[in-house]
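Worksheet for the structure shown next.
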């Protein structure tokens, strides 16, 4: 059994109620910003690398196989990650997770010189383990730390910081490969630049506090659990597979990474030249920042009723999804897999009107991705409040999401027609909307006064009786 050794102050007493500043180090705002910076440096740079198509390589085979290994391991450790987070706490979980991103970027640097894909595939599998740990920790922090009525705002704030990594990461290949307009793999400096940022994020992960040390303005901490164990976490994780709330989220979870393969490889990677792919990613991840702010505002401020806000958010994203995938379908009818080797003239950002339409489509895909995923995270955050429970919920979400990603990369590796991939992505996202509506209607409470009161009561009780140790209540 592992203990959260730092959850109390040096005198063995619980943390005292915070001051009113939202900028104190142990405030939810500061901690969510910190996890945003960690993700800016690690998965943000990974997204920029993946967004170039084929990991920046002309031949996508090594990248596709590495991504299959990555998402297969991610599917397993995403689900297990919530339990591991509850046992190890955030610092160890995040540090181990972040370090695997450096290895993955380094494997492509190696591949640039030796063209042996075994190292890249193994590094992808190791990254899958690390990503499962990182995203389970991130999900728990992002969904459990914020106040009840500002979860959308905090999610959008995290998403904006995180995706700034993709924006800057897109500038790296754009600048370093600016004079290379013909088909080519990215240069060594691109991969080295990614590795530097990832190393910074790994060190920064050590600044994240344990949830019991993060104090909301009402004096409550983000978890009341002081200890967890392998047996407890395994039991609780297994229960998720019979939890009707999680089952309703499976299509949305599966869809939310499935479309990346098509968008990165078969839109950005097929239609544009090397330097323009990097520029496109600047705007793709920039669109994510805009999308997350838009949906966060809708889901926090549109109506007084939390349930109504959730329903409106799902409807808005559903309508936008239909419009964007419809536009993608129209564009996809103009080219196919058979056109790629000889018949597609790669677009450059200087091509004016020829470039504008496909660019807007790719930008819109980024906008939709952020709105879709932020919406799902908001729904997860509305299902519970405690970090312990939400770490398992978000871990389950990321695990199923990654299983979908593993399948998607192999679908592309087997040269499935582009139009079939698009239709599958469109169908998966569309199916998820009515199920999320049902989840909000059945599981999200309009009035959270009782929940808030219970949280405050626990905080007051903890201050009155510092010798009380909280066991493992079944909050689900």
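In case you wondered, yes, glycine gets a Cβ from its N, Cα and C as well.
Straight from TrEMBL, the features:
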TRANSMEM  29-49  transmembrane segment
TRANSMEM  69-87  transmembrane segment
TRANSMEM  94-111  transmembrane segment
TRANSMEM  117-137  transmembrane segment
TRANSMEM  158-178  transmembrane segment
TRANSMEM  190-209  transmembrane segment
TRANSMEM  244-262  transmembrane segment
TRANSMEM  282-303  transmembrane segment
TRANSMEM  310-330  transmembrane segment
TRANSMEM  359-383  transmembrane segment
TRANSMEM  423-444  transmembrane segment
Beyond the flanks of the transmembrane segment (190-209) by 6 or more, those residues with Cβ under 8 Å of it: 25-26, 31, 34-35, 37-42, 44-46, 48-49, 56, 90-91, 94-95, 97-99, 101-102, 105-106, 108-109, 112, 137, 141, 165, 168-169, 172-173, 176-177
Cβ contacts the transmembrane segment (158-178)/the transmembrane segment (423-444), at least three under 8 Å, sequence gap 6 or more: no
Seg_contact(the transmembrane segment (310-330), the transmembrane segment (423-444)) with at least 3 CB pairs under 8 angstroms, min sep 6: yes
Sequence-remote partners of the transmembrane segment (117-137) [C-beta within less than 8 Å, at least six residues beyond its ends]: 35, 38-39, 42-43, 46, 55, 61-63, 65-82, 84-85, 90, 93-94, 96-101, 103-104, 106-108, 110-111, 208, 391, 394-395, 398-399, 402
For the transmembrane segment (282-303), distant same-chain residues with Cβ under 8 A (at least six beyond the ends): 44, 47-48, 51, 149-157, 159-160, 163-167, 169-171, 174, 268, 309-310, 312-313, 316-317, 359, 362-371, 374-375, 378
For the transmembrane segment (244-262): best-contacting stretch of 29-49, 359-383, 423-444, by Cβ pairs under 8 Å: 423-444
